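Straight from TrEMBL, the features:
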REGION    1-27  region 'Disordered'
COMPBIAS  17-27  compositional bias 'Low complexity'
TRANSMEM  42-61  transmembrane segment
TRANSMEM  201-220  transmembrane segment
DOMAIN    224-355  domain 'SSD'
TRANSMEM  227-247  transmembrane segment
TRANSMEM  253-277  transmembrane segment
TRANSMEM  304-326  transmembrane segment
TRANSMEM  332-356  transmembrane segment
TRANSMEM  398-416  transmembrane segment
TRANSMEM  565-584  transmembrane segment
TRANSMEM  591-612  transmembrane segment
Amino acid sequence: MSTLRTTGPGGGSGKEPAAGPPTAAARPGAVTRLVTAGPRRILVAALVFVVVCLFLGSGVGERLRNGGTTDPGADSADAARLLDQEFPGSRPNLVILVEAEKGVDNPAVSRQATEIADRLEAEPEVARVVSYWEAPLPTLRSEDGTAALITAQIRGEETDAQRFLERAGDDYRGVHGDLVLRVGGEAALFYDLQQTINADLVRAEVIALPITLLILVVVFRGLVAALLPVCVGVIAIIGTNAVLWVVSQFTDVSVFAQNLTTALGLGLAIDYALLFVRRYRERLHEGATPADAVAVAMSTSGRAIAFSAVVVMVSLSAMLVFPMYFLRSFAYAGMSVVALAAAAALLVLPALLLVLGRRVDALPVAGLLPRGLRERFTAERGGQGWERVARAVMRRPLAVTVVVGGLLVVAGLPLLRIQLGEADDRQLPEGTESRIVSETVREEFPADPTRVVEVAVPDVVAREVPTGLSEYARRLSELPGVDRVDGPAGVFEDGRQTGQVSAGAEGFSSENASYLAVTLEHPSASVESQRVVEQIRAAEAPWPVHVGGSAAEIRDTSSAILDRLPWAAAAVVGITLVLIFLLTGSLVLPVAAVVLNTLSLGAMYGVAVWVFQDGNGSGLLGFTPTGFLDASLPVLMFCVA
């Protein structure tokens, strides 16, 4: 900046500059004329908008849903729908771990556990209950005989299961006579994940918001100016909650969309307000009137804000191409909060500045400091530190490019071994009840239910084609990575039948369909299990089949994301190139921006793989490595970063 300041951030007016013809940058545009013509009318309209949005958005929490992380049009989703329709209870989402020191086969324990199971089955939300004491399957009993399982399926979707746990979860945990009950399963896992995330967000906000406000006071050098980005953020966040309520009337919206709303809304509000207010105060301190200062800020910073908002919205819109409403919800929330933050920064913020005038410098914090610190705090440094860095880079541009580019490439190398999966109990803190249940089942029971692939066979009844189902089950049991296959014809291992129809096996066939339960040797998210899913689908079957289960859902979700990600990335990159060209008029800068963003994003992916997938630093950061990244994480990083 070459202009000479005549006032400090907290000082009064200085000498007015000589009058002259307005520059092109200072000529007011349509938005500027709208603001300057009636700033108070705009503030009243903004207040009415906030009140209406508060009314609409107050009920948004009741409309948001859990889940939405899988592709509803995938083969695994077809399998899940068929199983839920024909075999209620075959896919239990609630697991009650029953522990008894006397042993689960003790008569008193058996009587008490049966009463618990009967009470659970009488719940109106529960479709079917299977307990070890009703169907003494080996998979429902721990190897030492001190624990057993009661499994149930809660009707409806994930949100319905969460409501059941909120209402009745405490009735099935704790000490009950000779029994110790713990609640687990998929429904409890997602419930605990949501509660943990909500608690972490509240804790983060309690820590971050006061620090943010303190930083705002320091950066804006006054209490009045520091509150301006807060006003922009409040409008964007409250408005977005109302938008989510409206959208939820027409489609599913994930509960996690609100998390992005708060973080992105406040962040953009600070960025936009800092950019605009800085330019406004520069002109104001040079002697311009508030109206002229707003006109200059609108024609310079306002233009940058508008282009920035469009670019961010384009990036976030890429999530609309994915079939999972979990990801689409982030697009709804992100695009809304960006648009509203930009609108507030270009309409409400200038109106506030016009009403405040030079009082924007009121309540300067420098006056609260000792004289020595006050002089250092108010001194105009003009970005000398960054200027020195820039000059050092420009002296050796090639060397800096090679070194920094090389570091980014090295940081991105772990991306080559990225493995995608879905959230499981290991993402919860140690000691969380649903994690304890999952770990106990995994370590002390003969089979892990999360390793089961369900092969649903529509329009095939076991009693009509027993030989066909038996032969198909035998061939599946021969596949590498398959431990066993259970079905209406019995148990098959390594290409031969090893067991007859077990208790409860009548559940493998109905009047309209049959299914096989394929138990895998490896965890569902492993490369080996994903390969087994492909082999099952490629295996010749006598009838059309649908392959479901955790491993199949992971495979389908990963495929849905990876198939659409290149198209989404190409669209975002192409539109971004055009927008940056329109903003700068340069052909080189858009390409350079895309290259730099690609390198930095690749480095982010690489660090995420190295830390969270490989587990480096897990002890320091306090998490349990899972060997994979959540399938939605790369998309969120690409669109938000």
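Heads up, the Cβ atoms here are built off N, Cα and C, so glycines get one too.
Quantities reported herein were computed from a predicted structural model and do not represent experimental measurements.
The stretch in 201-220, 227-247, 332-356, 565-584, 591-612 that contributes the largest number of Cβ pairs under 8 Å to the transmembrane segment (253-277) is 332-356.
Across the range of the domain 'SSD' (224-355), the DSSP-based residue counts are 115 helix, 1 strand, 16 coil. Across 42-61, 227-247, 304-326, stretch 304-326 shows the highest tally of CB pairs under 8 A with the transmembrane segment (565-584). Scored by C-beta pairs under 8 angstroms, the transmembrane segment (227-247) has its highest count with 332-356, from the stretches 201-220, 304-326, 332-356, 398-416, 591-612. Counting Cβ pairs under 8 Å to the transmembrane segment (42-61), the stretch among 201-220, 304-326, 332-356, 398-416, 591-612 with the most such contacts is 332-356. Remark: the transmembrane segment (304-326) contacts the transmembrane segment (332-356), by the rule of 3 or more CB pairs under 8 A. Summarising model confidence by region, the domain 'SSD' (224-355) averages a pLDDT of 92. Among residues of the same chain six or more beyond the transmembrane segment (201-220), those with a C-beta under 8 A of the stretch's C-beta atoms are 226, 228-230, 259, 262, 266, 270, 274, 277, 365.
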